[in-house]
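Trainee: Dumping the structure here so I can ask a few things about it.
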Amino acid sequence: MSYGGGYGGGGYGGGYGGGGGGGGYGGGGGGYGGGYGGGGYGGGFGGDRMGNLGQGLHNIDWQNQSLAKFEKNFYVQDPRVTARSDAEVEAFRAEKEMKIQGKNVPRPITTFEEAGFPDYIMSEIRRMGFTAPSSIQCQAWPMALSGRDLVAIAETGSGKTISFCLPAMVHINAQPLLAPGDGPIVLILAPTRELAVQIQTEATKFGQSSRIRNTAIYGGAPKGPQIRDLQRGVEICVATPGRLIDMLETGKTNLKRVTYLVMDEADRMLDMGFEPQIRKIVSQIRPDRQTLLFSATWPKEVQRLAMDFLHDFIQVNIGSLDLTANHNVAQHVEVCTDFDKRSKLLSHLEKISQENGKVLIFVATKRVADDLTKFLRMDGWPALAIHGDKQQAERDWVLAEFKSGRSPIMLATDVASRGLDVRDIGYVINYDFPNNCEDYIHRIGRTGRAGRKGTSYTYFTMDNSKAARELVQILRESKADIPPELEEMAMYGGRGGGGGRGRGGRGGGRGGYGGGGGRGGYSSGANSYGGGGGGYSSRW
């Protein structure tokens, strides 16, 4: 199909312009033109400034605080669950690749009805057309509803958000109503703004009928509406650590009413350097809270966090704790040079375009994201880019275009992509291999979600040879084809999975909405939709 008209002349510029990051909406085409101006913070992780956040927050002496009692155990085991033999329970857990640890772990449920959710949640589940709970939900719901601290390890796209959101609704409805000046009852920490918004969307769906209010607090967006939400009172606050600490330090909210704490994608939050902020936030929450920690992996750093913050916790792992890929994703690795990548990409896009599938292309840097997007759009491909230096309004627009299928090709950096909830991505292309194989697993986990099949293509160069051995192990475990060149690299190349993740630098400011100027701005090509005479004819 071809795209015509529609966007009347103005795409966004997005080039690396000189100057001071010009403000204001530019004239003419109205696109985003500004480059990266001088100074300022380059967006980093979800817009949160790392700095010395939390210095103004004092630890609370909880021993001398008068704390109101609260209820957190709401679980009544369904008679059908009780009637199952131990052998049946073990067989079900084995079938779902479910491993448990801890004392007195509740039995898993097998249907939504067995969870014992109230009618206002069950009606929403039925309306959304879910047929059966996912593996993580079968075990995590009884654990969470029983009021226990829990650790849940499961791959991205496994239904983790619903696993903690629905018990949160039950928890809130059993607590006293918020009084003026009260902070939230449920706090959900997430690494990125995209994941925070995704969680908020699910909380809104299931909280409407019981009038549970929520807000998402994250950097890169105006503080005003977020402050208003907090001051009016919300039962659920979904937040990235940096912006939340900002709100706490300036007295815009407090965490004295929090009795249900969730840390989602805990491994990623630690990777991104948020541990000091997380520790400062948790110090502001009463120690007898219920704490739930969700993570895709279980490295030592996450284990230490769990030991410090959770009490007598129970744990469920879905699948192996070894680094394994989603088996619903067909993995294809091609060993090549950097010079070969563009031609390989075009070849794969030609093939994929016959199926009208959505494609997520991962690149290493913001510059590559912008340059490659420009190259693809000049060649007629409907591609857009998302990364940490883009304004929030632009990121939201790009994501909406991708989700709707109007622009079915999206380029992304790792930080921008984590937590993106686009369920019908058919293909992932690793244009640049990530720093380590853990990120490779997360990347290809963007496709093959919710039981669907997906495909990944990965371009692997000599510069990536340190990761060859671990990648071969992942491919072998998935029964995927292993290129001979990759096996050779694994035999003779470096050991381990490559260097650790970088912290993401302080880029030169954000740049404003300009008029398409600046060196390399794309308002006349790469990212602009042609107006007037019917736009460009897409290859899609």
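Here the Cβ of each residue, glycine as well, is placed from N, Cα and C on the backbone.
Feature table excerpt (Swiss-Prot):
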BINDING   ALA154, GLU155, THR156, GLY157, SER158, GLY159, LYS160, THR161  ATP binding site
DOMAIN    141-316  domain 'Helicase ATP-binding'
DOMAIN    344-490  domain 'Helicase C-terminal'
REGION    492-519  region 'RNA-binding RGG-box'
REGION    494-540  region 'Disordered'
MOTIF     110-138  motif 'Q motif'
MOTIF     264-267  motif 'DEAD box'
Trainee: Hey, which bits of the same chain come close to the motif 'DEAD box' (264-267), Cβ under 8 Å, at least six residues off its ends?
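Mentor: Residues 160-161, 164, 188-191, 195, 199, 293-299, 301-302, 305, 418-419 contact the motif 'DEAD box' (264-267) from elsewhere in the chain.
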Trainee: Once the chains shown are all counted, how many other Cβ atoms turn up within 10 Å of the Cβ of LYS160 (ATP binding site)?
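Mentor: Its Cβ shell of radius 10 Å holds 26 other Cβ atoms.
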Trainee: So which other residues, same chain and not among ALA154, GLU155, THR156, GLY157, SER158, GLY159, LYS160, THR161, have a Cβ within 8 Å of the centroid of the Cβ atoms at the ATP site?
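Mentor: Residues close to the ATP site, other than ALA154, GLU155, THR156, GLY157, SER158, GLY159, LYS160, THR161: SER134, ILE136, ALA296.
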Trainee: Should THR161 (ATP binding site) be counted as helix, strand, or coil on the basis of DSSP?
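Mentor: Looking at the DSSP assignment, THR161 (ATP binding site) belongs to a helix.
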Trainee: Averaging the per-residue pLDDT over the motif 'DEAD box' (264-267), what integer do you get?
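Mentor: Within the motif 'DEAD box' (264-267), the model's average pLDDT equals 92.
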Trainee: Cβ neighbours within 10 Å, counted over all protein chains: which one of the binding-site residues GLY157, GLY159 has the most?
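Mentor: Its Cβ has the most other Cβ atoms within 10 Å: GLY157.
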